[in-house]
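These come from TrEMBL:
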type	residues	note
DOMAIN	43-340	domain 'Sugar phosphate transporter'
TRANSMEM	41-65	transmembrane segment
TRANSMEM	77-99	transmembrane segment
TRANSMEM	120-138	transmembrane segment
TRANSMEM	144-164	transmembrane segment
TRANSMEM	171-188	transmembrane segment
TRANSMEM	200-218	transmembrane segment
TRANSMEM	230-249	transmembrane segment
TRANSMEM	269-289	transmembrane segment
Amino acid sequence: MSRAQLTRTGILRMALGGGGADPLLPAEGGGGRRAPFLLRALRIAVVVCLYWFTSIAMVFLNKYLLDSPSLRLDAPLFVTFFQCALTAALCLGLSLGAACGPPCAGLPALRLDPKVSRSVLPLSAVFIGMVTSNNLCLKHVGVAFYNVGRSLTTVFNVLLSYLLLKQTTSLYALLACGVIIGGFWLGVDQEGAEGTLSWTGIFFGILASLCVSLNAIYTKKVLPVVDGSIWRLTFYNNVNACVLFFPLMMLLGEFRTLYHFDKLGSPSFWGMMTLGGVFGFAIGYVTGLQIKFTSPLTHNVSGTAKACAQTVLAVIYFEETKSFLWWTSNLMVLGGSFAYTWVKGLEMRKVQEDPNVKSSERNETGV
């Protein structure tokens, strides 16, 4: 992600990186013979394709729900609220199905504890900011520019790591961040030159990048409250979000908008809404699969390549014509993200191979 898309991906990735095993994911092979190379390669290819399809389809589907001329629904908070409600319902449904055996065996039972809910509330506020700003950015900018518009997550990761955690960053990683910033500003400039710039979309893109970084930090702090269970955290987070969305929707007049919405009784509309919620829930699962069958480094590289493919598909689908400098801005963002991922991967490998480094320091080094 920028890799943090939306959606519950950031929380699930954080848990997979530092929490317990995910009961929905296949268990690691523990001592038996490794699968043949071709079988492993095929499995990885299928998982990567599944991640690409789910992630790209979710972005296009959300763009339709948020900004389709044929739908004409100006209620972005309601769309986000519905996806959060569906995610909470799916988590609860999977936990109820845990007694049925595979693939749900091992999922924790879910019940709403007000004390735990209050402890998760600060993360939920950041989570609301993340998913809402992501969707509002997508509403106001084109799908082709969406990746650039919210590309500063890596930069905020470095900044917040220094301000909050006092962690320094290597020169090469900082240079990669400089390339990302340069690509972002060049993209903004080119959108303005083409007459398609939305400063509202840019604002929400920057806010989304900040919230994705904050979400990762707060997730790490809150996970012990739910005994390290990502499913409990996802459940509480989305239940809290649903409650918090109500006054926001009332304040912005979205209930009035929904009352006058002419497709509120349309089965096709609710079908698309449900499909969007299912994709939003599924992206976390397929992200976990990709990390498990490859590595965090490969996942980030795959995410960068996916963003490139998504941009090209959006330009083709919406029949847009972009300048050379516009494409250059995208390449700078993607290249800077790839370079940062590669540098952090090398640093992490060096730290893990150094016997003199404490285990706590190893855990702090990530991609």
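Numbers here mean position along the shown chain, with the first residue as 1.
Glycine is treated like the rest: Cβ placed from N, Cα and C.
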Can the transmembrane segment (41-65) be said to touch the transmembrane segment (269-289) if we require at least 3 CB pairs below 8 Å and skip pairs under 6 apart in sequence?
yes
Per the definition of 3+ C-beta pairs under 8 A with sequence separation of 6 or more, do the transmembrane segment (77-99) and the transmembrane segment (171-188) touch?
no
Let me check one thing: do the transmembrane segment (230-249) and the transmembrane segment (144-164) come into contact, meaning three or more Cβ pairs under 8 Å with sequence separation of at least 6?
no
I need to check the long-range neighbours of the transmembrane segment (144-164): which residues 6 or more away from its ends have a CB within less than 8 Å of a CB in the stretch?
1-4, 59, 134, 137-138, 173-174, 176-177, 180-181, 183-184, 187, 191, 196, 201-202, 205-206, 208-210, 212-214, 216-217, 307, 310-311, 314-315, 318, 320, 322, 329-330, 333-334, 336-337, 340
